[in-house]
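Straight from TrEMBL, the features:
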- 1-94: domain 'Major facilitator superfamily (MFS) profile' (DOMAIN)
- 6-28: transmembrane segment (TRANSMEM)
- 40-60: transmembrane segment (TRANSMEM)
- 66-87: transmembrane segment (TRANSMEM)
């Protein structure tokens, strides 16, 4: 039964991450940086994303042994904190021009 819980947890994590917070670095890089900086911002976002995934892959077995069925609690907490941070500090870009976004970002 616990193996089904683990598989379900992994599938839920991937699904919620990809429809929720996963794309945020690429959206920020593509919508909040001027065209001359966009390539560098996207490269940095990609590097940080893959570095984070690498670290998760390395520490996951140790965490799983220590936390057992509660392995997803630290990830859920981290995603919740990231969501709160994003809602508070990342400006909405929908329907705005690049100049409007830049003015809002530079204003803060």
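Each residue, glycine too, has its Cβ placed from N, Cα and C.
Caution: TrEMBL annotation is automatic and unverified by curators.
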DSSP helix/strand/coil residue counts for the domain 'Major facilitator superfamily (MFS) profile' (1-94): 80 helix, 0 strand, 14 coil
Same-chain residues near the transmembrane segment (6-28), Cβ under 8 Å, at least 6 residues beyond its ends: 41-42, 45-46, 48-49, 69, 71-72, 75, 79, 82-83, 86, 90, 93
PLDDT averaged over the residues of the domain 'Major facilitator superfamily (MFS) profile' (1-94): 85
